[in-house]
Structures are given as structure tokens and as C-alpha cells.
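Novice: This is the structure, below, for whatever I ask next.
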Amino acid sequence: LLVPVQALVEQEGPSIFSIRDEKGHTPAHWACLGGHTTILRFIIECKGLINESSQNDPGARPIHWACVNGHIAVVDILVQAGVPLDVMDNKGCTPLTVAAQYGQTMLAAYLMGKGAQKQLVDKDGDNALHWAAFKALVKLSNPCQHGKQALNKDDDDNGDNNGDVYV
């Protein structure tokens, strides 16, 4: 995939990475959604737009699109290139929130490990943990990852933790 992109840049110039499609998305949005790390690195090398919002209502940035499909390597490249971990779209969603919304538990764990703020809320007052609970993402809402204590609601002492409620 990189060779045709390089040929296009050679023909049209690196400003091609600033052109938006009819919905206001940049080439970086599409590279991130598809998990195309080589193309993303080339966009960065050519000083293309990598942290611009889409020009539509949600205003998602390329990092948000990478989170939809759980592309950890893409998110890592963007963060190393200076994209903030907690950058918000127009709805107040952070990359961590988007990862939780789409059930991307490995990416969510990666973002939290990098220091993403899990308490940030979107415009509806929801944070990543709310979305994890809504999506029933046990791995993301695991109390061991969040330093919470379990309260046993059925007091059966059998050690299976099936009745635990986490607060």
C-alpha cells in the first residue's frame, strides 16, 4: 500500500495529506481506521495532519478512529508523534472512552497504562468505566485494574466471587 501513496505524494506533493474528503476526514483518519502503520508513519514524515478533527458533528480525530478498531500500534505511533492521550472529540470522548465504547479492552488497558485519565467524562457525563459497564466489559471494569474493593452481596464464602459487586 505504501508504494502507490509514495508515488501520489511524489506526483502531487505532501500537501495531499491536508486534503479532506467530502465528510471532512483527512488521509490520517483513514490510515488510522485501517491500522495502516506504514502509511501513518509516512504521513507523519511528510508533516501531514495527524491530530485534526473531522469536519462533521462528532469531530473525531484520527486517534479516535484507531481506537474504534483497537489498533494499539497506530495509537502508539500517534502518541509518540505528540497526539495527547486524552484529546477529546466534539462530544467530549477521549480515546479511552472510544476504546470502551467499542469493546477494545486491550487498547483500553494500553491507554490506562500510558496514563490516560479514566475519570474524564463526555458531554453526557459518561466516562470509560460507564461505557465498560454498559458494554459488560468485565476485563475493563475489573477492580484489580482500578484498585477497588469487592463487596460480596450474597455472603456465601465459597470463594468463587460470583456474587461480588465492585465499588
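Every residue gets a Cβ built from N, Cα and C, even glycine.
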Novice: Using TrEMBL as the reference, determine which range in 48-67, 148-167 is annotated region 'Disordered'.
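Specialist: Per TrEMBL, the stretch marked region 'Disordered' is 148-167.
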Novice: So what's near the repeat 'ANK' (58-90) in sequence-distant terms, Cβ-Cβ under 8 Å and 6+ beyond its ends?
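Specialist: Distal contacts: 26, 28-37, 40-41, 44, 50-52, 96, 98-99, 102, 104, 106-107, 110-111, 114-117, 120, 122.
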